[in-house]
Structure formats: C-alpha cells, structure tokens
C-alpha cells in the first residue's frame, strides 16, 4: 500500500510568552484535523514541542496535496482565532500569508512529507524541534546514516553497507531551491564540509543507495526568507524511517545525546545545545534552550499505532543534566564570541543598527 506521511508544524500562539499552546488552542486544532480522519485522512496525531503545534497526517494523496495542506492551514487558522480570543502571545506568528495558495510551502509552517510503499512492518519516527534552525538535525542525521562509530549497522548489516545518498539544500539561495546530492561513504568529506555550516546548509532528505527507498525528509523553510524580517526561529520537523534497510531506532539515541550546539535560543540569536525532551514539553525559561522531541510509531495500512516517546526513559534524565551544564557555561559568556551568533545570522537587527550609528563617531 502506498502511503503519504505529512508533518506540519506552526507556532500560532502561546501562554505567557514563548512557552506552550493553551489547551483550548490544541483542542481546536485537533478537532479540525479529526473531522477528516476516515475521509481525507487515514489517521492523524497532534502534539506540541515548546510553543509549536505539530500535525502528523497519514493519507494516500501524495506530497504537496492541496486538500491535505488546506486542512492543515484551516486547523492552524482556527487555532489562531482561539489564541487571539485568549490573548495569547504571538497568535498566528508562523502564518505569514493571509490566504491559502495551494500548499503550505512558502506560507510559514514547517512541512516534511514522504510517500512510500508500506513495508509489512513500517516503523518510523517524527522529530520536531523548537527554538532552533533548519540545520539543527545535520549532525545527528549525519552520524546516524554515515558514521559507523554511532551507527553500527553500517558495519553489521549488508542492507546498510552500501551507504546513503544525502540531498542537501543551500539555504542562502532565496530565489529558488538549490540542492546537491552526495553519496556516503565516498563523498563523506564533502558532506561534512557542507553540514558543518548548519546556518547555511541543511539536509533535505536521505535515501538508501541499495534499495532506492527514502529514509528521511527534513523541513528546510527559513521564515525570514519569506517574511523579510525576524518572525521566529525556523525549527525543523523530520520523518525518519527505521529498521531493516535503515538504521535501527535505537541508533538514533546516541546521536541526539551529543546535544550539539545549534543556533537559536532567546531571540533566535545565540548558540546553545540541542536538548532532547519529552513531547509536549513547554519551552524552557532558561533562555529558551533549543529542544527536540521524538515520537516513534508503527504504521499498518496507513493507521498509526500509539506513539512511544523516544526521549522519555530514565537514561535521558542524565543526558539532560549534562545538556544543562553545557547551556549554563555558554550563557555565562553572555554576548561575547561564539555565545552569540555572527552578525549575518542575528535574527534581531538591533546590533546592526547600532553599529551603523556608531560608524559616524569613528574618526
């Protein structure tokens, strides 16, 4: 059976600042989506990460389907109206256009979609991040799909040994989407050359070279390229298929336990570690530490199993404690050096404007 998974995410308002959506907003979004299960949709699941609401939709309409995207737009718009009625902060923040134009690409919400023929057992993960950048998944996915130090299946499984093809997007290209495809392990150094710069380059998708099957897809939208100004971080979502011809689910744990430094945090202008958290966790009041959650599902004839929260077991409490130490050390450095993003990546323009004013005082 050919199935499409669509993951769509947006910040449409939150309680007391950038924390979490209200119960009423979540309920309205889920109500709109649930009305279409059994009609337009095969199944659906709604959750949040920080103040971002995430929709997981299963259907047979293919990627970029107008009806599916219109449903997500309707859910986010109606949720926004509830947020406005409640006086929530940033109501409708990620909805950058007034009207739906056929699909959600370019309208603000993050979108990751994948169409594939369902295997007899089809395990997959949904990853969702908040308070960070599109390239935040670069290192974890690189290590899981290309580094046998972290993904032992690359050595142990004949299905994985031929490696994976990485499709990488140049986020600096604003006129059109610009991609390059590189094969691991042969082009490993070239892949690393690009992915090290998570501000400019981001993984868009990953493919099995032996089977030609898509393994992963990641959203790559930059909100400021749409709005022309800072309107929030470009936190990614991803769909990752696991097991058999792909890395095992548990091989994705150690790569996220690294908690790499990424762009984001308060005002989207700092480097901080990416903390693995449970789904439905509010954004941290400790400078909005960048966060990622992961839910694993099994899929059968387009129907979703109940999810398992990948970052909820006791091991992750120890990981989070170390992430907090990394975050505290970086924040102790305040505005100085690598603690704050370079000028071209700062989401707020205050420093650039101040520098222009100061230029007149130089002699």
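In case you wondered, yes, glycine gets a Cβ from its N, Cα and C as well.
Record features, source Swiss-Prot:
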- 11: active site, proton acceptor (ACT_SITE)
- 230: active site, proton donor/acceptor (ACT_SITE)
- 233: active site, schiff-base intermediate with DHAP (ACT_SITE)
- 11, 18, 51, 93: Mg(2+) 1 binding site (BINDING)
- 18, 131, 267: dihydroxyacetone phosphate binding site (BINDING)
- 18, 89, 102, 103, 131, 243, 244, 267, 348: beta-D-fructose 1,6-bisphosphate binding site (BINDING)
- 51, 52, 130, 235: Mg(2+) 2 binding site (BINDING)
- 233, 234, 235: Mg(2+) 3 binding site (BINDING)
- 234: Mg(2+) 4 binding site (BINDING)
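Comparing the Cα of residue 267 (dihydroxyacetone phosphate binding site) with the Cα of every entry in 18, 52, 235, 244, these being the binding-site residues, the smallest distance points to 18.
Residues listed for dihydroxyacetone phosphate, 18, 131, 267, cover a largest CA to CA span of 10 Å. Reported as a whole number, the C-alpha separation between residue 234 (Mg(2+) 3 binding site) and residue 131 (dihydroxyacetone phosphate binding site) equals 8 Å. Neighbour density for residue 51 (Mg(2+) 1 binding site): within 10 A of its CB lie 29 other CB atoms from the protein chains shown.
Within 10 Å (C-alpha to C-alpha) of residue 131 (dihydroxyacetone phosphate binding site) lies none of the recorded positions 11, 93, 102, 244. Residue 93 (Mg(2+) 1 binding site) sits 6 Å from the residue listed as 'active site, proton acceptor', taking the CA atoms of both as reference points. Within the set of binding-site residues (93, 130, 131, 235), the lowest number of other Cβ atoms found within 10 Å of a Cβ is recorded at 93. The CA atom of the residue listed as 'active site, proton acceptor' is located 6 Å away from the CA atom of residue 51 (Mg(2+) 1 binding site). All chains included, 27 other C-beta atoms sit within 10 angstroms of the C-beta of residue 234 (Mg(2+) 3 binding site). Note on residue 102 (beta-D-fructose 1,6-bisphosphate binding site): other Cβ atoms within 10 Å of its Cβ, all shown chains, come to 12. Of all the binding-site residues given, namely 102, 130, 235, 244, those whose Cα is no farther than the 10 Å limit from the Cα of residue 51 (Mg(2+) 1 binding site) are 130. Highest local Cβ density among the binding-site residues 18, 267 belongs to 18, counted as other Cβ atoms within 10 Å over all protein chains shown. The binding-site residues recorded for this entry are 18, 102, 244, and the Cα of 18 lies nearest to that of residue 130 (Mg(2+) 2 binding site).
Taking CA atoms as the reference points, residue 102 (beta-D-fructose 1,6-bisphosphate binding site) and residue 52 (Mg(2+) 2 binding site) are 22 Å apart.
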